[in-house]
Amino acid sequence: MAAKKEVTNGVEWRIKVADDSSEILVPEAKPARDVLLGLMFFIEGLAMKVWKFLQQAWELGVDDPRKVVHCLKVGVALTAVSLFYYMRPLYDGVGGSSMWAIMTVVVVFENTVGATLSKSLNRVCGTFLAGFLALGVHWIANQSGETFEPVIVGAAVFLLASAATFSRFIPSVKVRFDYGAMIFILTFSLVSVSGYRVDKLLDMAHQRLSTIIIGTSLCITVSMLVCPIWAGQELRSLITRNMDKLADSLEGCVNEYFQEGGSLVERNKECQKKLQGYKCVLSSKATEESMANFAQWEPAHGRFNFGHPWKQYIKIGASMRSCACCIEALNGCINSENQAPEEFKKHISNISLKVSSNSSSVIRELATTAKSMKKSSNMHCVVGEMNSAVEELRANLKSLPSLFNSPLMSEVEIHENKKIEPASRTMETMPDLLEIIPLVTSASLLIEIATRVNGIVDAVEELADLAEFETASNEKSTKNELSNHFLPDQQKDNETTKDFQPV
């Protein structure tokens, strides 16, 4: 008890602890740190995008090194034409208009020789014609006095610019001279309007025409002498590649349709890879027409003469697209939900595969002919095999309904069941007919594809005649035998139609 009293009588120390539950701790603001982190993330993301871009550029250059060569050619041309501005003697010769030469190189230099020639000649001709007419209009306006001078110049600009613009809508002019018409409008307007305030109009026109000729000449020289890329060769390569893709697509579609076993997903993936070929054929019309137009501007090179029939390649491309449309329809039938039973497919599977294989062989033989520029000695053989296979497929289709109809009742059953109506017996055969329809549709498209392949053969043979392809040394058949590739049943159909003519 005494000890307790001593403690109570002594001094007591107390520590008051604040209640932290009622206070919210706010972190100290550090804006500099946040800005630094954000900047680091931004730099990292930008570096990743730049790295991906460099990887794509590297892959593009490795895939087609000619694009890298074209970039270097443009750099060489611009460096050479810049000397007219850097070197004093050359600058004094052309004056301040030397910048027009640099602009001409940038605008005119294209990837192929034909495109560069087309733009260069259009630019020179358009500039020369517009400058000549502008000087004539300026002289007439000066002779008319200060009052009528702006009226004459304005009327000339209105009439000639309107006429040149209208000419750009004409198909023949738009294909080959559209760029020249645009340059004509630009040059005539600039020279005519400038002549109203500039005294030395002739010197200005001479300097600009000289710089444009210098720029275009340099572009043509570099394009033709340094690793030239000819539009004609590019066109021929495009046509032959499309033929190979078309053959692969046709063979792949039919093999996909009659393939047995295997995973459906795997088969669809393989089919989609092979079907990319005919899609490229369908989308190549604009490229073919552009290359054919540029190829007409090119001089004779390699095995291509100056008068090479480049337009015939457009006809070949049109025939290929016609065949590709049928392949697209066949692909739609293959991927349709309504499919024929497997036992029905077996009846025409072998002959259908034979037709597709022979048709693909014909297309590949045509690609070899166009690539080597020599008439094939095996063309009449492969075409004949294709037409024979088509005739066998037609014969199998004619016998198809009799194989899948319901079995007929015997005579005893007919006498015993006289009450059965004919309509009811006909309805029993309808399900089999509905199951045959998808198979018949696919076979009919395959026959149509073979017919359109014959159209490609006609176009390639016409190209061989116009371009005077070399004849193979081991070719034993005559030209008439080569052209005899039409379906032999066409003549039979004509003869049968004569027998059914009304008397």
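Every residue gets a Cβ built from N, Cα and C, even glycine.
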Transmembrane segment according to TrEMBL, located in which of 46-64, 179-197: 179-197
The transmembrane segment (209-231) in contact with the transmembrane segment (99-117), cutoff 8 A, at least 3 CB pairs, sep 6+: yes
Residues from the same chain, set at least six apart from the ends of the transmembrane segment (124-141), whose C-beta lies under 8 A from its own: 148-150, 152-153, 156, 160, 179-188, 191-192, 195, 201-202, 205, 208-209, 212-213, 216
